[in-house]
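Shown next, in structure tokens, is the structure this report addresses.
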Amino acid sequence: MSRLVTRTADPVVENPSATTHGSARTVHPWSWWGWAAGCGIAISLTNNPLLVVLVTAAVALVVTLRRTDEPWARSAGVYAGMALTVVVIRVFFQVLIGGDGTGTVLFRLPKVSLPDWAAGIRLGGPVTAEGLAATGYDALRLAGMLICFGAANSLANPRRVLKSVPAALHDVSVAIVIALAVFPQLIASVQRVRRARRLRGDTRKGMRALVAVLVPVLEDSVETSMSLARGMESRGYGRTRNDRQVRPGTRILLVLSVMGLTLGCYGILANPTGSFSADPSTCAPGSLCSWFLADRMGQHIGIVLIVVGVIGSIIGLRTSGRRLGVSRYRPDPWTWQATASCLCGAVAMIAMIWLSQANPKAITVPTSPVAWPSLEPAMLIVVVAAALPGVLTPAPQRSASADPEQAASWKPRKDQVSES
């Protein structure tokens, strides 16, 4: 029986450069969330299927180039499957029960007669091109936003996200991060159980296989939760410094800042064009109401409230966070690559807003009548901005087992000899 004997002349030590600069090979986790949020907002502002597909493809390209080989990073394919399922379900229900039959009829399904109390519901009947186009465009947009959310979950380590939140939001961030990490952790647990079943030669399928996978996954979830609770308890989670309390003035500042942000967002979103059509019966010409609604004063006040609310929130969070004894082990540095990733998402969002003002017909494709979507050269700005993080950010370090080409090209060293 032959075996491989390794002769180690010198002791194997860890490469200090890999330990010291290991975090430099990854980007700050919140930069990925900022980039994904910008791409998601850009997709939500258009129903052009060509533009949505290109931006989604750019996001998928960045995920392919910059995700690690950690278990939670393998959830990108599951989110892509969920996005495809959303499109299929929306189109299926549109064909089955959607529409009123007005427009270009593509084909007809057998119509099912329903009782009088369900008069507003239609089963079967004519399927129109206008209805399919409107539903398909909306479903594709929703799928693109879901893929952006999955990209952030695949690229940003949930534990590193938790380490990077302000101290005042530590309790809330724990709940949010755990909720966002449930799905990737569940996928990783299922993959571990299925891999163990294959190694044991278990070939069961169907419901028997589901039961065989479900029980170990639940057990693994309980063990993970218990280990997390023990770790949080041993590290003094939630402790305060000398029993400090949040001052009443800080609480009032936070409440007023949140109210200012809410009113500012309402003033801008409710008045996107900068002018309301004031009702003469309620706002007489020349009155304060007409002056406030008839020009861009509403937008100006909204911008001022947002700026004041952001400044007040930052001051309030920093002041209230001083009472918590939160320590961070090896905090993630904010590098220029992280700034570039956030700027790429912001550029994609701003470019889409500019296109919606400059060329709204290209951004919003009409569905009645159905028209072929156009792709203007200016739209490529959004696509390029969404794909740039795949070039600007450093490539992650991957193990040899995660790289098939590297594993296939492995050869034994000279100090490894065969002994029979």
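Any Cβ shown, glycine's included, is placed from N, Cα and C.
What TrEMBL says about a protein is an automatic prediction, not a curated fact.
What TrEMBL says about this one:
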type	residues	note
REGION	1-24	region 'Disordered'
TRANSMEM	32-65	transmembrane segment
TRANSMEM	77-97	transmembrane segment
TRANSMEM	172-190	transmembrane segment
TRANSMEM	249-269	transmembrane segment
TRANSMEM	297-317	transmembrane segment
TRANSMEM	338-357	transmembrane segment
TRANSMEM	377-395	transmembrane segment
REGION	396-420	region 'Disordered'
Contact call for the transmembrane segment (249-269) against the transmembrane segment (77-97), three or more Cβ pairs under 8 Å: no
Stretch-level contact, the transmembrane segment (32-65) and the transmembrane segment (297-317), CB cutoff 8 A, at least 3 pairs: no
For the transmembrane segment (338-357), distant same-chain residues with Cβ under 8 A (at least six beyond the ends): 27-28, 30-32, 34-39, 41-42, 45-46, 55, 363-364, 376, 378-379, 381-382, 385-386, 388-389, 392-393
